[in-house]
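These come from TrEMBL:
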| type | residues | note |
| --- | --- | --- |
| ACT_SITE | A:T182 | active site, nucleophile |
| BINDING | A:T148, A:K171, A:T182, A:E261, A:N382, A:T387 | substrate binding site |
Protein chains: 2
Amino acid sequence: MTETDLTFPRGFRAAALAAGIKPSGRTDLSCVASDAECAWAFAGTRSTTAAACVTRNREVYARGGPVRALVVNAGNANAATGAQGARDNAAIADALGSVLNVDAGAVLTASTGIIGHLLPMDRVLGGVEHLPDGLSREAAPFAAAIMTTDTRPKTAEATLSTGARIVGTAKGSGMIHPDMATMFAFAFSDAGVDQAALRAAFPGIVARTFNAVTVDGDTSTNDMAMVLANGRAGEVDLAEFLAALEGVMRDLARQIAADGEGATKLLTVRVTGARSEAEALAAARTCCVSPLLKSAVHGNDPNWGRVIMAVGRSGAAVNVEGMRVTVQGTPVFAGKPLPYDAARVSDSMNAPEVVFEVDLGAGDAAGEAWGCDLSAEYVSINADYTT
Amino acid sequence: MTETDLTFPRGFRAAALAAGIKPSGRTDLSCVASDAECAWAFAGTRSTTAAACVTRNREVYARGGPVRALVVNAGNANAATGAQGARDNAAIADALGSVLNVDAGAVLTASTGIIGHLLPMDRVLGGVEHLPDGLSREAAPFAAAIMTTDTRPKTAEATLSTGARIVGTAKGSGMIHPDMATMFAFAFSDAGVDQAALRAAFPGIVARTFNAVTVDGDTSTNDMAMVLANGRAGEVDLAEFLAALEGVMRDLARQIAADGEGATKLLTVRVTGARSEAEALAAARTCCVSPLLKSAVHGNDPNWGRVIMAVGRSGAAVNVEGMRVTVQGTPVFAGKPLPYDAARVSDSMNAPEVVFEVDLGAGDAAGEAWGCDLSAEYVSINADYTT
């Protein structure tokens, strides 16, 4: 959902303002604060050139304590900025902690935007001073302020049987091939959940949601996904909570894929018959990242041979004789090419979502991944970003 | 070189004709035959959905004997064609063996083109009948007949100190991210070399040449590289031969990258300071496959942050403090962002080849990879291939 009246769960408030990091003058600095300590889980990029915010959040995570706030800037990733970048990142957490009167070690940070430029710290710290003035339950200003090349904000919510809620927000449009999380996904809940149990379940949820999204195969230096639960709505059933959280994250993941840079449609690949969930997800995601399949989807071309190609390079075990492929529900391959009405299938691909189903014929595991078509617009968006 | 007067080494003859596999009416069926038995080495795609020709060549390879001929068709990959595809592939080898009067087990096969369609066997077998009529030493007709979306034929040659020669041909323009070899590279030599020594050295040569090329990250079902040496020019020094072979293959690899689908320029990434050659090659190739870096190269945008991103996701170990990056020779990063004249560097990128040099600061190994820019033309080439 992207409704403007979405509110954060009990105890969470957010603020956003234009600090002048983005040349466009759009909002680019925001925070979310909880009036109670939050149990939390986190997943950050596997990139070996991870940004300062990812590195620092990992340190806070390793200490194991609860957190109280998150501060986000868009327009500058503060990545590849060396020791100065690390100091700037810590200074932002210190400043927000100070104005909110919470310990700096309970403040998480997130930066997104161009790589390789130092933050304009005067503007950032000046903005942080004014963040407390705008704190409210409204989610829309925060969801907008974390965007870069996104064309629309991305939010999702779930309400548990006890009345506890989960509200998720995400941003991401290019450099999307998360390898732990996408850049960014934040979920907030007033449910009471055990932090250890949450942390144990989180990697699996991320694997089936954000790590199943790809726009261009490029993994960001700043990817992160996190969930903060402050317990203000009381204890909940853990299994119900985790299922609802996965639903929120899956919704956000699909929104990210559909809003991929230059995208005109969502690409969904469902794989069954795999030896393992990991192989099913690998096969599905390799299809979604293939520039050749993405181009075919853009042109409504039912060129299913590119699915066979992508599955083949994914490393997933296949039994070609037992393989099955459908395009928008039409069977096109079952151990051998099947006759089908190409014009009719092409017409059916002229839709907001194109679905390929692939049975690998090698086992019982399944997985699903999401991407988008590749358009000429992707190239024009990315051929002239800095200059 | 692409000169039309290039001849094959002693003892090799080739023929090409239009069998009617390509709707365009261009030549699409060809063969190369040697009048003496050839020592040979081979590398085929690691795809788990490899085509019939790759599977059969692997079987011939495993038997370990010498070979006499190669038959190639373009316009149809004969991949994902099931048991009938395998029978068709064997029938083509049988037919060429019969008309050349050599054992079918000494005939290699190669198919390239669309995946998932049975070959028009009447036309193919009818064409094979007429191949012997056209046999000659000329290389140009063969180099042209193996093309699909290539815009130009790709050949390279070397002459050893003894007068023995190596002539290489290749094709490939899209679905290029070889994982053993590219689709296709054939080298022929009249040198006398030991087959066991040749086979031992071949994987390393392929790793540093064809496996360092990428156009779009998509690995073909039909990739293969091979070298055939018939000894007609006598014994040669093995080290000299292997160095010359690597030079020929490197030349062909760069030609493939420069002729990538929609490409307007060659992208070269040289990595030093890696822990191992494998990590250097992985880092270099991940840069070359990045749609974001490829788009920036297309737009003459010196957005070196995308190099940091791509290296970070490659898995290669880095020491960020010791990292160095140059764009067309201009230093832009040395543990931190460096000031540089963006307009001048952008001007320098308006060239047939754009070179990034990256020192990972983590070791002493080096590697180089080649790709091309990403243009809107890539999308239009691939959005409407079958329909």
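Any Cβ shown, glycine's included, is placed from N, Cα and C.
Automatic, uncurated: that is what TrEMBL annotation is.
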Cβ under 8 Å to chain B, applied to binding-site residues A:T148, A:K171, A:E261, A:N382: A:N382
Neighbour-count leader, CB within 10 A, binding-site residues: A:T148, A:N382: A:N382
CB contacts for A:K171 (substrate binding site) [other CB atoms within 10 A, all chains]: 27
Cβ neighbour count within 10 Å of A:E261 (substrate binding site): 27
Structural state of A:N382 (substrate binding site), classified by DSSP into three states: helix
